[in-house]
């Protein structure tokens, strides 16, 4: 927890990500606007805002499973909440957010701006109250989903092929039956 922030102080934040998928750092200012700060990939390469390799205001690094963000010299412009965001299985997960305010600041940014804390590629949004789900449970849910796909999609395809084969067989049998009836009279 950040207790005594002062102007010009160095602020270091950390985020743990066991999935080795990289991490984004995002700042929510006092008005609630989100600002991209940096992305650290699994190979420890850092990209700051504007696809820059360095920043005059921030440092970012990866050590083992921890992703760090350093505000070099804290200013009133840096006040707000800082979020670590990771992507796993096409879902985005936000940390709870670390508030960072100077003493005497009473304006606190809202913690959510609508139900957009988890966004999947299918366009479905969910709001898990900015809590990162238990990784083991999430992995099990994803595995269950893929098991269902691998079972039901081939089964549905096989049923469709059998239905098409049945229709073709019925049509051909009716044509053969008509020919036999006409020729023998």
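Residue positions begin at 1 at the first shown residue.
Each Cβ is built from the backbone N, Cα and C atoms, and glycine gets one as well.
Because the structure is a prediction, the values reported are computed rather than measured.
The feature domain 'Immunoglobulin V-set' is assigned by TrEMBL to 5-97. Note on the domain 'Immunoglobulin V-set' (5-97): DSSP counts are 6 helix, 48 strand, 39 coil.
For 149-172, the entry in TrEMBL reads transmembrane segment. Cβ atoms under 8 Å from those of the transmembrane segment (149-172) belong to no residue of the same chain, restricted to positions at least 6 beyond its ends.
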